[in-house]
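Undergrad: Here you go, one structure.
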């Protein structure tokens, strides 16, 4: 949804954000909206002056602050309405009994502007999907077609005034793109300032499990049930535990791979002709040096086996080990990943010891 234009809240400029999110671009600035507000104030002043500039009503009017804007950045519905007239757009009160009697399905409209306690935000259809473009959110919120009517009804119950935007909105990239594709949203965007805990797990790259969860939990515009949210978080936690396990076992994996590579190299050497794999000994000194090398290598493998056995015993909590014959009889099966690693290590070490033993007998 990167193509969707979304201005986040700055100060009390929600009216500006509402208009720009509706039109999908930086069409209005505070200066332009202030100019419209001042023009409206002047028109009201002239109407009041018609009753006499010396009247009490006129003097009281001049002492009152503007109802169309204030220093915080608030702008009235009149300012928003006049700003939209420039684009040939008109506002109709959705809450009014007259409009409700028309029985128009909200899904057949194009956009809505909502207001409650001097906060304005836009709900607009882009392509074939609806989005809540509230500037208090970190990003656009996808609203399903089935949830749109319930969403608007909930706003009405909370005291919002809702206006239908009538007319042709200007063309925008997001509308053209979303005519061809549909997007999904796993989780609603957070409110600006909402507390979030950035943990190490959240900074890790997305795993395949995270992506699978996203695909299996398409966002339908409604809030997740508590149980679904709990299951969702549990699945994420499990996937991150797997990442941690992989980190802890990385050294063991590399050791096994190196050992198995050494075994494969020895097998390759044994498969070569004798005169090609081993040059003839020319002296007793060479023979003694080779024998010493084999003893050192055997001692190294035995020491490595003891270290690895101790580490596995601590990390795997005394889980039963599986020997190579069991692995061959039931590859995969119900074996855990730790058991398979243990079996692979045993096979590698057995192969190395057998090769050393064969060399000693020669």
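Glycine residues also receive a Cβ, built from the backbone N, Cα and C atoms like all the rest.
Residues annotated as active site in TrEMBL: 14, 119, 134. If you look up TrEMBL, you'll see 14 marked as active site, nucleophile. The active site, proton acceptor annotation in TrEMBL covers 119. The compositional bias 'Polar residues' annotation in TrEMBL covers 262-290. Here TrEMBL flags 1-180 as domain 'Josephin'. Sequence annotations record features per position, and here TrEMBL assigns region 'Disordered' to 262-293, 306-338.
Relative to the rest of the structure, where do these features sit?
TA: Around residue 119 (active site), the same-chain residues at least 6 positions away in sequence with a Cβ under 8 Å from its Cβ are 14, 136.
A sphere of 10 angstroms centred on the C-beta of residue 134 (active site) encloses 25 other C-beta atoms.
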